[in-house]
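As recorded in TrEMBL, the features of this protein are as follows:
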{"type": "DOMAIN", "residues": "A:24-229", "note": "domain 'DNA replication factor Dna2 N-terminal'"}
{"type": "DOMAIN", "residues": "A:418-515", "note": "domain 'DNA2 rift barrel'"}
{"type": "DOMAIN", "residues": "A:575-673", "note": "domain 'DNA2/NAM7 helicase helicase'"}
{"type": "DOMAIN", "residues": "A:679-745", "note": "domain 'DNA2/NAM7 helicase helicase'"}
{"type": "DOMAIN", "residues": "A:754-847", "note": "domain 'DNA2/NAM7 helicase-like C-terminal'"}
{"type": "DOMAIN", "residues": "A:848-935", "note": "domain 'DNA2/NAM7 helicase-like C-terminal'"}
Amino acid sequence: VKVLQENGDDPEKHLTITASQSLDDTDLCILKNDWGSIPVQPGDIIHLEGECKSGTWIITRDSGYLILYPDLLLSGTTISNSIRCMRKAVLSEKFRKCESGTCQMLIGTILHEIFQKTGTNFTQEELQELAFRTIHGPKYLKEMYQLNVKQHEIMQDIEEYLPSFSKWAEGFVHRPTQTNRIKMQLKLPSDDSKEDLSCNIEVTEFLDIEENIWSPRFGLKGKIDVTAAVKIHRRSGTQQKIMPLELKTGKESNSIEHRSQVVLYTLLCQERRVDPEAGFLLYLKTGNMYPVCGNRMDRRELLKLRNQLAFYLLQNVCKSSRENEQTQLASLPPLISDSQACKYCSQKHNCVLYSRAVEQQMENIFIPPDMGPVIEKETEHLKASHLEYFSLWYLMLTLESQYGKNKKGYRNIWMMSASEREKAGDCVGNMIRVERVQEVSDGQYLHWFQRKNGTMVGTNLMLGDRVVVSGEERTLLGISTGYVKEVSGNKISCLLDRNLSKLPKNILFRLDHEEGHFGVDASLGNLSKLMEDSSASERLRSLIIDFCKPQFIQHLSSVLPHEAKETVANILKGLNKPQKQAMKQVLLSKDYTLIVGMPGTGKTTTICALVRILYACGFSVLLTSFTHTAVDNLLLKLARFKVGFLRLGRAQKIHPDIQKFTEEEICRSKSIKTVAQLEELYDSQPIVATTCMGVNHPVFTRKRFDFCIVDEASQISQPVCLGPLFYSHRFVLVGDHQQLPPLVQNAEARDLGMSESLFKRLERNKNAVVQLTVQYRMNSKIMSLSNKLVYEGKLECGSEKVSQATINLPYLEDVKLELELLANTSETWLKETLDPNNPVCFLNTEKAGCKPSDIGIISPYRHQLKIITDLMPSSYVGTVEVNTVDKYQGRDKSIIIVSFVRNNNDGNLGELLKDWRRLNVAITRAKHKLIMLGCAPSLCHYPPLENLLCHLNTEAMISFLDMLLLDFVGAGPSSPGAAHPSGAHEHVYQCNLL
DNA sequence: CCTCTGCCTAGAGGA
């Protein structure tokens, strides 16, 4: 889009538009009337509805629509919410987590479900029965726990509505009798103006409930409560239509918001079938139903509102005018000042926070005069440092969320064909539904899909991944979402939220991997919470933002209960000195402790011991980490001791051996059916384990813990790490900032400091830090590398055995013999490796008797790993573990082979290798043997690697390229001219026989 | 220049 001309008097905008990236084939688009006010800018993507006559589109009051950023789908409720206050609508999109539910909302949800399930034919008895089953089923128990309400209280409220269900049915279902017929006025856009508008409405069938529709045509999305087959009886005749019904359980307001929702649904429905032209608002409190016409004016105004919203949601940053081109946050839609609306607004906190922390730093910001004092008062508990922290993190999170905007996201589901998307592994197309759909539980349906012809393509889809199911044809876009249950051969099973068995058998489906940026949502929620005026938030602000010195008490005797002493002593027996010191430090802490777990120092053992000790002392513990795997690693160890715990999180992501500790399983085995029983379960568990992002669970709205332990804390970004800390009085972060930091994709966000973990940030308070320095993984030679590189000699071996451990190769002598017979020299392998005709070699390690599963191959690059895997004998694939450095963090193997890949003359090492933390991880994974392959002269361009190579050279650990190396490393401080040629040779020999 | 894990969500009602 290119803006050509703007006329001040008659707001009219002329746009040059093109459907192709090159500008050769352009059309003209004229925006008349107030369409000209749409904030469309050159380069924007738009969608036009209407007619194009001789290369010119004209969008006016009476015809045509312009959709700005049509790939941004906004929900019906978001748009109708923006009518009163657009600022609120934008904030609700950004701070999704911040809206807490109420009892009326829960009742509303339950009533929706009951009404939708009853269909058009029911008795009061059946209704009562269904209501009872719904309320006493497992589905809403957690929400009732959160709201602290009893089931019978909900049942009472629900019962009041049930007679109205019948009243509605009498008036509108199945040819109502003459006396019951309700007359209403309905003028459809297609109706003749002279027509008699009075009619009776007859709902004949519920064709669908909770129909999910995505409409990239209008930039809308939403769920239709009921898609109904309707007959409109008029004097002139009967018309049949498929129309949306919108259910409301609150006051019969017939408000503009309610009506707008229906108007938007009439647009959404066009994605699936012909324009319904109108829909109905059905108030379940009274049983009254009102028609809502989707007329041109309402649709036009709502789409204009959508465009405005889309603009605010996407244009959330701007480049500063200063020469350094720093990105700055943009302002939100202006503050309204409606004391009544603002008083009850669920986004009030975020609204004033953004105004104070971000907008008040800008020039030319208008604040309604009566809002000034309100903002002042609502943020008076925040210091300047807090506001700065908020606005910096808000900016970094915004930048990071923009990173994948074009690559990822929903839009690929409609912008790319399935076969196109299959190449990246994010989609599987050409699937048909096979076998019967199985209703696993309320609202969860197990489906099987099979490739229609040909074999399955390679896919990234894995157990537990979220998927979007669509028809290969555009009309069935996003019909359902769910999780992958199983991928086997050419079949995929999914647990979906809707039953697709009603659709025609021959429909071709595609399953798209659903990515998203949930991390950003959770982060913003936590950031907002950190700024709340509560004692927990205030404490965290002072500790985290203002670096208040963590406090410790003097004597253990005051925290250690007498009866726990023996148990604690027993647990301590199994620990080494620094580990014991860590236990003591945590017990003495009043605020927090940081445990630095250097490679192989027994972090898991230490955390387990800590949990057991805290448990013995009668403390409650919240145990978390960023990934499910890390949480389960701890739990697998913990389960061996007789310590019980509650594991929260999605079942499919949890280790099979831990399943019996999940909420789902416990509720099943104990057949928990009431809120009281659930409450009892939660209260009986002093140890709760989940991921950092799993703290959205209802349990945390009511429960607090004495301690929170966060494992792998150095890999978690600050706002995510913050999540669990709100629910505990003291916390323990375990990590090692010398290993990999949190992943940040956006370079600007990284430069602003986004990859600094909370662990790293708090490490400046030395009195809170304990270091685990005794390691049990690497032998002394391997350990020396990392000691030299990062740990300044602090690392030590746990025992002589660890220090001297080498690989055991039972057939070594046989192999030696065999090699000599075969090639008459022990350097065959070396020659082959150097032979120009063998560009890539795999060192076959089978012969000497080493288990393939003891070997790990690592590299910074996925493509390198792909090549290595492809060259490996197929019997090794899957047993010799080939993975990235990043994926190997926290793990080890007896033998590790590192491929550094880079080899060039201009010293170009790339970003990945230049992170010394990644290098540290790479060299600290091996227990007995570490083999590194790389071009020494290339690697020497990077000082830490040069340092490492220098050390290797001094210690005679470099093989067969030492002649070259001397030229580059020779200048190093401790490098002698010709370093142990015999030693180097010996090492080659060792490699060969491996 | 290529390293990747988290999460159920659109709408439940109030004024």
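We count from 1, first residue shown onward.
Each residue, glycine too, has its Cβ placed from N, Cα and C.
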Stretch in A:24-229, A:575-673, A:679-745, A:848-935 most in contact with the domain 'DNA2 rift barrel' (A:418-515), if contact is a CB pair under 8 A: A:24-229
Maximum Cβ pairs under 8 Å to the domain 'DNA2/NAM7 helicase-like C-terminal' (A:848-935) - stretch from the list A:24-229, A:575-673, A:679-745: A:679-745
The domain 'DNA2/NAM7 helicase helicase' (A:575-673), counted residue by residue under DSSP: helix, strand, coil: 55 helix, 15 strand, 29 coil
Mean per-residue pLDDT computed across the domain 'DNA2/NAM7 helicase-like C-terminal' (A:754-847): 80
